[in-house]
Amino acid sequence: MTEKRVHIIVRGLVQGVGFRMFVHREASARNLAGWTRNLPDGTVEIEAQGNAGMVDELVKQARIGPSRSQVNSIAVREIAPDNAENDFSIRY
């Protein structure tokens, strides 16, 4: 099983619309580790790690977002794994 970790920034109408909970649900359903949080500039930041195919699926879902969101752009880059993480959380 090939694993990878990605850092994602999602721009658009992504705060106050359930985006973090959506990401948490999608990541947990795929057994991914990592976290998501709102940033002061109105974006949502995500780090997700796990099976490469499942990470790619999460990225696809982040491009869509929950029904009340409007994703304008998404920036994804692969980063070094964090083997200390074993679950997915929402950071505040």
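Backbone N, Cα and C atoms are what each Cβ position is placed from, and that goes for glycine too.
Please treat TrEMBL annotations as automatic predictions, because they have not gone through curation.
What TrEMBL says about this one:
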DOMAIN    5-92  domain 'Acylphosphatase-like'
ACT_SITE  Arg20  active site
ACT_SITE  Asn38  active site
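Shown for the domain 'Acylphosphatase-like' (5-92): DSSP residue counts in helix, strand and coil, namely 24 helix, 36 strand, 28 coil. Between the C-alpha atoms of Asn38 (active site) and Arg20 (active site), the distance comes to 8 Å. Averaged over the domain 'Acylphosphatase-like' (5-92), the predicted model reaches a pLDDT of 98.
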